[in-house]
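As structure tokens, the structure follows; a few thoughts come after it.
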Amino acid sequence: METLSQPVQQAVDVFTKGIKAWIRDEVDSEEAWMSATVLSKEVTDTGVKIVFQNDEDESREHVWESSLTLLEKNQGSELPPLRNPPKMENTDDLTNLSYLNEPSVLNTIRTRYMQHNIYTYSGIVLIAANPFARVQLYEPDIIQQYSGRRRGELEPHLFAIAEDAYRQMIREQQNQTIVVSGESGAGKTVSAKYIMRYFATADDKDAVGKAVKETSGGMTEVEEQILATNPIMEAFGNAKTTRNDNSSRFGKYIEIQFDKQCNIVGAKIRTYLLERSRLIFQPETERNYHIFYQLCAGIPLSERKEFELKDWTKFHYLNQSGTGTVPGVNDAEEFELTKNSLSMVGISLQTQWQIFRLLAALLHIGNIEVSGRTDAVLKDDDPSLVTATKLLGIKASEFRKWIVKRQIVTRSDKIVKNLSPAQGLVVRDSVAKYIYANLFEWLVSVVNESLSCQEPGLVNTFIGVLDIYGFEHFKKNSFEQFCINYANEKLQQQFNQHVFKLEQEEYVKEKIDWQFIEFSDNQKCIEMIESRMGILSLLDEESRLPSGTDQGFCDKLFSNFTTTYKGYFKKPRFSNSAFTVVHYAHEVQYEAEGFLDKNKDTVPDEHLALLQNAQSEFLVEMLQTATAAAAEAAAASAPPAKTNGPKRMNAAKKPTLGSIFKLSLISLMDTIGQTNVHYIRCIKPNEAKVQWVFEPNMVLAQLRACGVLETIRISCAGYPSRWAFEDFADRYYALVSSEYWDPNKSPDIRKLCDVILDQSIQDKDKYQIGLTKIFFRAGQLAYMEKLRADRWNECVVLLQKNMRRFITRIRYLRTKDLAQRLQQVARKKVGQRKLELLRQERAVITIQKYARGFLARKQMERRRQFVVLLQAACRGMLARKSFGSFRENNAATQIQRLVRGWMARKRYLAQRDHIIAIQTCIRRRQARQALVNLRQEARSATHLKEVSYKLENKVVELTQNLTAQKDEKKALQRQTTLLETEIQSWKEKHEKLESKMQTLAHGSSSVQEELDALRTSHDTLKQEHEDTLAKVEEQDKEIARLTAEVTRLRQQPPLKVSTQPTPKDEDVAELKNQIAALKAQLAQSLKTGGPRRQASLNAYGRNLSPQRMSPSPTTPGGGNRRGISPERVSPRGRSPTGANMAPFRRNSLTESKPQMIYAEPDQIRPMSIDHIDTLRDVNGNPEEAIHAILHDEQILEDEILEGLIRSLKIIPPNAQNPPSHKEVVFPAHIIGLGVTQMWRFGYLAESERLIFTVMDTIQKHCLSFGGEDTIIPSAFWLSNTHELLSLVCSTEQELEREMHFNAVHGRRAVGWHDFEKLVSTVKFELQCLEDNLYHHWMTELKQRLSKMAVPAIIESQSLPGFIATDTNRFFNKILSGSSQPAFSMDDLLNFLNRVYRAMKCYNVEPFVMEQGLTELLKLIGVTAFNDLVMRRNFNSWKRAMQIQYNITRLEEWCKLHEMAEATLQLEHLMQAAKLLQLKKSSLEDIKIIYDVCWLLTPTQVQKLIQNYNVADYEDPISNDILSAVASRVSSSDSNDILLLDNVSLDDSPYEVPEPQLVVANTYLPSYVSSSFTLFFL
């Protein structure tokens, strides 16, 4: 009977019923492996038989059989690979798989790819599957998310690899290399391009001395130039192939150079093996290099004519494949991008057109027609020949000659031989390839010269990005594929050695016993290619022979390698002109045809000399560069020369293309060997380039070719599974007794792991215990999982047994208790029924008693009402009868009275009319007589003079009366004001006494008497107030009467004077003039509403013209004019104060300034005089003191800046006792009032300097604060700045109203335009100051808040009962300490409270408060949402509840502070939290999620569901659901974004609120004192 060893037996025991495994698909060629479930297992004495059921088609069964001998011989390696649990199949790192095998790796990559996750880790390798669609993975916000993050914190990404390389370069000060490899179309070029973009745009703010980007995505000039190399290299080195629309036809290694501060200071590019043959021939559906099509599509018309360019279909080098366009690519736009990139790297526009001229010449060379039968024939007038030679600047005849002829140089002579047409075409094409290859090399050298660091010693380290072609295997493979596969052999060897080195370092680091791991070393294959007698050496040898042929090269290979390298070289069975090389990835058969020509890649010396002597300086410079490079390569590759007797020294050998490539590849490997290498393997998932289509067999072949499976094989040869002690103990603690892991006993994790291993695995060779990890052989974890599953099954059975017993007993006890309760209820019901009957009987008796009483009372009430109605009817009849007789008597009396009155009035009117008639006749006669007398008197001058005197006396009397009435009115008004004040005070005392009286209602009688006296006094004062008001009303009536009388006198008709001259005509004229003057004075008094003022008060005009430090040529007198017209005018205005102070400004300083001069200074109406008394000093003349202050500007500025700004004591905000408005804005009012008074006194230039100095000081003062210290000063001065702006606007309106009033009355003002300019400038600068203060304030707040948002909203857990841990470990309390986030939700709310309280207490405009708080909440929402979306192994339903609770607290805060609309900024975050809490087990649940989370994009929903952290008690999200969610993502939808646009920390939009209508107040705290404020207040 055969037996199995313990390891093999363990492997077989794992296959129990229900276990899933992978079976090779022998039927369907599209699927490499199929998933199947174990139905049964049969183990006999001689073999093992396992029956599987296909998971896709349950009707299919698969039988696996093997003998025990074979199993023991292979150590169980032939057993079907096990499938990982569903939870593990979506892992982002293949090394975390429980079963690390080929089908599991393929399935994981496929699962993630179908969920639109194109990146997967495999240890140190990043596997990138090309989606063939646009994905939202490379935005600037994504770059910043990966910046500063360790690998593993976020989803796998090439940015994570780039960040890891960058961090290692900083930490270890070692150069790094990122190797990007893969076959054509796998996405290598795009990956390398995004890596370079990451280094150029990522902002590392933690690095000391590193330049911080100005904005997100901002770049330096060097970084922009590095990115500009991508369009250049792609245009000149990339082409469309059948596998890729933008395939790199060369290899490149870009060194990005950094200084000691980790700033990018330069770059360097190395290129390898440009595919020169593509220039002259392209297979079907492929294209030539992009630059030719760009040139044909985008060249301007003038240059098109000069270069004689046509459509691409007209050129032989472009139309051979029949394909000239790429879907979705505009060649004209790409041409502009190429030109801009060339300019970016320092190539002038003139040089660019020289390049394009050369490219056009190459296209024309391709159109040169070489004909003939035996000898080549080329016409002299061939248009393409003429155009090409003209563009190249060479002689057409010479060029034509050496295309059809060849010169052979012997020792004694030169022989010219005709070429065949085919040879002529080869010569033509070789010239074109030679020129283009040198152009490409020259372009690379120019780019390197532009990008390289100019300062020697500045470069400290570099990160290299290698974009190299992947392993290629076509139907027909030639020299290019041979070189490419040779390079991949070298890279694979380096990769294997690097992986083995890491494995070895891991074992040494953990100090475990290990043995050398065997892995497939391809050194023999590399030696066969590059050794001294290798393939390349034999190719060079054959190439140098004059009679060398491709067949001769093949024969040498067959004779040298058939036996020596038997396992790596094979001869094809059906071909003598081909050879087969067994590469690490696949056997490749190479056709030897063309090997020699491509290896030599030579140009006839005659053509070379012709080109080197061309008229084009650009072409000559290029060829010189190429010659120097060739000489350098020859010197490096040629062996030392030997002498043999008298023979001369060997001539220098011209380097071949194979030798050059070999040397450059060896140099590249040396460079890579000196750096720390990171690997990105690009995978092409399907051949048709269809988006999100996965072909397993194709991917599996690439995984083998790129070395991923080899890495896994190397790992499996040692200890592939590695678990930390904590993870292992948490996973398998149930396999031992609870005494070892009881949390109350604080168990030792290391000891617990030892116990688990001792009891579970008997063979000590199957695991090794290191310092921090446990290492397992392949298959051991599967056995451990089986033991764990068995143990859990036992525990479940035990739990079920006890639970069933418990449930049965509980059911019995409940039944018994229910019966007892039913009996109690029945007895209770019977008793309640009896009691109810007794209550009803008693109630019936009571109801009868009250019903009978009610009926008796109702009957009595009806009788009483009848009697009352009868009495009322009788009494009404008697009253109506008595009233009728009274009305008749009264009517008769009234008729008699009216008749007697009418008769009396008639008699009176008749008598009155008679008397009036008599009087009229008498008065008429007397009037006629008086008229005659008056006419006689009017002719005398004396009478006229008397009349004038009387009129003058009457006017003077009226004026005096009017003045007296005015004075009396003012006195009464003052008395009224005093009385009202006194009344108000008495009212207050009265109210206080009344309140006191209510409390002392039963007090002494003296208090009552005092109250009565106060009431009496109050009534007396009230009566006096009423009397005073009555007097004022009478005075108003008297003034109105006098005004009417004066008006009547003015309107009297002028006296008629006889036209006859008299001796007194001169006196009469003088009297008339006096009367006119008196009338004018009277009219002026009536207009001003008061007595005449002295005209001298306004004898001098006020200066309202602002001045600056430098004179303007447009201003008369040297004054400056600046500013703009006011944009907003306040509707309120008042007369400016202090207009009567102008007469005292008579010094030279005042006279030299532009002034506002009025045409009639004596008629200027008085300004507001309510401030005149406050400006009077002891001597009654305050202006001289004010002028003295204003003359000394420095002292004035020092007092204001120091007293009101720098040393000002700001009242701290207090919600319970907030400061009053005047206590907050008094600095603005004091400054504004002072500046206004300076304007009124004419010190406009001084006021301008003062106000600008004040604004500058305020800004510097606020900018000096940072962090939370900026909350109070910024809010305080933001409010004061806006108040000062409102004061300036109000002052402008006052002066504008005054100017308008003077203009209406014919008084012209000079200098108003200059004043408008000053005010407009001041308003604009104040608005700018507001914007700067707000910008600085919000920047500091957002910088502080950006650090608090994520810890407070995402990480803080304030909701008790739902505390989530970072891991789902059972031993979380033991294995990890409790780490609290840096900030809690209380910290965030306290911060917002401080901001809001400062805004509220300092009277910041509500509009500004809403604007600022909305911006802060938007920052919180966006920052928290973006962090939540990108987190891995964090998002669970418990975390979502905590986040939702934190958001709810924030929303409640907003509603409490009347900011409900600002909560819209948190909607994305709220919906994300809801998504994490919703069910995700079916497609219907997914539909509900999309309905509820309508604001989230499909990409965001996919990312959140994909990163959902499933707990142990939850069912994992199925791959079907994840694929369904991924299918909703559309690459064509530009709105389908992953991250929200970040809120800029340095830019806060601000809209200045409208100025308010304010009145300046003179409040000044006691601690502020300055001569400026005292004089102007």
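The backbone N, Cα and C atoms fix where each Cβ goes, and this holds for glycine too.
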TrEMBL annotation of region 'Actin-binding' - which of the ranges 389-411, 665-687, 734-756, 803-825 it falls on: 665-687
Over the domain 'Myosin motor' (89-789), work out the mean pLDDT and round it to an integer. 84
Would you list, in sequence order, the residues of this chain other than Gly182, Glu183, Ser184, Gly185, Ala186, Gly187, Lys188, Thr189 that have their CB within 8 A of the centroid of the site's CB atoms, where the site is the one recorded for ATP? Asn130, Arg243, Asn244, Ser247, Gly470, Cys682, Lys684
DSSP helix, strand and coil counts for the region 'Actin-binding' (665-687)? 9 helix, 8 strand, 6 coil
Here are the binding-site residues: Ser184, Thr189. Which has the lowest count of other Cβ atoms within 10 Å? Ser184
A correct count of other C-beta atoms within 10 Å of the C-beta of Glu183 (ATP binding site) gives 24
Among Gly182, Gly185, Gly187, which are binding-site residues, the residue with the most C-beta atoms within 10 angstroms of its C-beta: Gly182
